[in-house]
Amino acid sequence: MDNMSHVWKCSNWNKFFTLPKQQSESPFHNLTTIHMFSCRSIKYLFSPLMAELLSNLKNVKISGCDGIEEVVSNRDDEDEEMTTSTHATTTLFPQLDSLYLSSLDNLKCIGGGGAKAKDGNNELSFNNTTTTTDQFQLSEAGGVSWSLCQYAREIEIYKCDVLSSVIPCYAAGQMQKLQVLTVSDCKGMKEVFETQCNNKSGAGDEGIPRVNNNIIMLPNLKILKIRDCGGLKHIFTLSALESLRQLEEIRISFCYGVKVIVKKEEEDASSSSSSKKVVVFPHLKSIKLINLPELEGFFLGKNEFRWPSLDYVKIDNCPQMLVFAAGGSMAPQLKYIHTELGKHIVGESGLNFHQTPLLSLQAAVLCPATSEAIPWSFHNLIELDVKGNHDVKKIIPSSGLLQLQKLEKILAYNCNNVEEVFETGLEAAGRNTNTNTNSSSGSGFDGSPQTTTTTTLVNLPNLREMKLQHLYTLRYIWKSNQWTAFEFPNLTRVDIYKCKRLEHVFTSSMVGSLLQLQELRIWNCSQIEVVIVQDADVSVEEDKEKESDGKTKKEILVLPRLKSLILDQLQSLEGFSLGTEFEFPNLTTVHVYACERLEHVFTSSMVGSLLQLQELRIRDCSQMEEVIAVESEEESDDKTNKEILVLPRLKSLKLQYLPCLKGFSLGKEDFSFPLLDTLKINQCPAITTFTKGNSATPQLKEIETKFSSFYVGEDINSLIKIKQEELKQDSD
């Protein structure tokens, strides 16, 4: 298609417009969709004459056509008389729904020309009649009009770098049906809505032409999205914005030159009445301002803005933003503001804030404003939500730790250089201490001197959920030590995925505050050795106590509400916690998958706390020899009576791909499984017995294996022994 110069060209258009009696419709009547791709020699798609034959055209998509300069052009219409006569009475593209223009390197305009104004004034002339109603007819400009966009419901323009504006001033009032306008990656774009008509359009230099004293009417525009248009300094003028009464969503992103969204007009500066006018947007629901490094405010004039329906505002990486609307804003439905740090609850001031420039999340240490009056301070943060930031190393600095009283969720995704979620006081003190190594003071959370002998308690009373994913350099979530202690009295759910350098989740000193923890899932974290590690300063003292006492005493910690525990692909995991026994009185579900170094799941002393355990699944743990490990021989000898270990609610047990598994438990204890009705043992070649003691399974009828299901009978241990001998004989 590189050499094709025209889509359609005809030397005699009259034969199409003068139809035979038996033919009431044009030959192109049924054409509804046109897609043109990589036609590099074509200069335009339609002539006005051809356009009149496409009365049912609904969708136009033009992409990768380097030669396109106009979409509609009269340059090849030779019959001027036909052009004038038909154009005065015909509406073009009345059914057009969507227009998509992409990667058109030489596109200068869409419609091909402007409307002529009479006597140099700013009233538009349509068919030689000055318009006085809200419904406009087609404006004429040498036979070429803005008709292609007049009826489009949706227009999207992408990578048209020569295009300097989207809506020309001569198109005022014509685009009655436009609801969605998207413009992106147009490097040469200077204005979205043209404010100065050039001389050839006939409108002079007085600015936007006026119809009924209104300016650029887009009465049904609902969604406006502008992205990566570096030449833009503003999006609207105030007068243009006022005509957009149906606007529901504004999204402006990656426009690095934008200083304001709404520009003050010079005439407003001298008019006290217009500067005090209240601007109301009854339907606007969403405003998103993203990566606008030069943005100083939404509007810097004195007008007050009212947004009765506004319920979503996002201000992300706009470090120079000092004010939203200098004249004030009222948004009664707005409850939250979203920033690059997350979700903040809106205080009484709402959008009426004034501040000094902020550091952004892109800094090495995140330091947003700390004043409670600022909508995006730590004081108002309820959801920490950081995604795709590759510069930050410590998300929450030590100076912000004591301000997180409202924080409810922590969500962090795909941040390649994050080492810590919370920076602790010890590190901050080290950064701020005097160079003299004997100095024992540093900077506290409020910037005041702090001695390293004091302990700061960081209580996050409302934190309920934490989700960390794809944080490949994360080493610590929170460091609890003698200088900083963390408490999470309402944390209920923790989900950690692909944090390759993370070695543990909690420290033992935090466990006492995990009273509400219900779900814990850790997967694909190759360096995790334990879920809960002992505090270094505590373990030394305990070791000394053990040595002086002469006995080994294990600390018992309780997670009273934990219901679900999932450990998956933790290749370095050696245990839930080493040197510490845990009790799980409400644990119902345990899944342990691909934990290659794990030798057992529970110890026999922990079984007594597993009163609610219903489902236990273990798979692909190459070094696991037993599920419940026996106590040491000394402890077993101290017991005079043989103990019966009961798992009263366990219903389902599945053991799969465990090459070293010798049995469920290899101790002398008897086991009772009163509700167990599902047992699957698959690819466990080393298993010789279920338990060395007796096993009572009154509800179990059969065992599932790789080959088939087998009836259990009265003794599960005997069945396993028989089947293993049969497999051995078959292999011989």
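Think of each number as a place in line: the chain as shown, counted from 1.
Quick reminder: no glycine exception, Cβ is built from N, Cα and C everywhere.
Under the heading domain 'Disease resistance protein At4g27190-like leucine-rich repeats', TrEMBL lists 23-110, 152-201, 217-321, 377-525, 583-689. Taken from TrEMBL, the feature region 'Disordered' covers 429-453. Annotated compositional bias 'Low complexity' per TrEMBL: 432-443, in sequence order.
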Residues of the domain 'Disease resistance protein At4g27190-like leucine-rich repeats' (583-689) by DSSP state, where helix covers H, G and I: 11 helix, 34 strand, 62 coil
Report the DSSP secondary-structure composition of the domain 'Disease resistance protein At4g27190-like leucine-rich repeats' (217-321) as helix, strand and coil residue counts. 13 helix, 35 strand, 57 coil
Go ahead and report the DSSP secondary structure tallies for the domain 'Disease resistance protein At4g27190-like leucine-rich repeats' (152-201): helix first, then strand, then coil. 6 helix, 16 strand, 28 coil
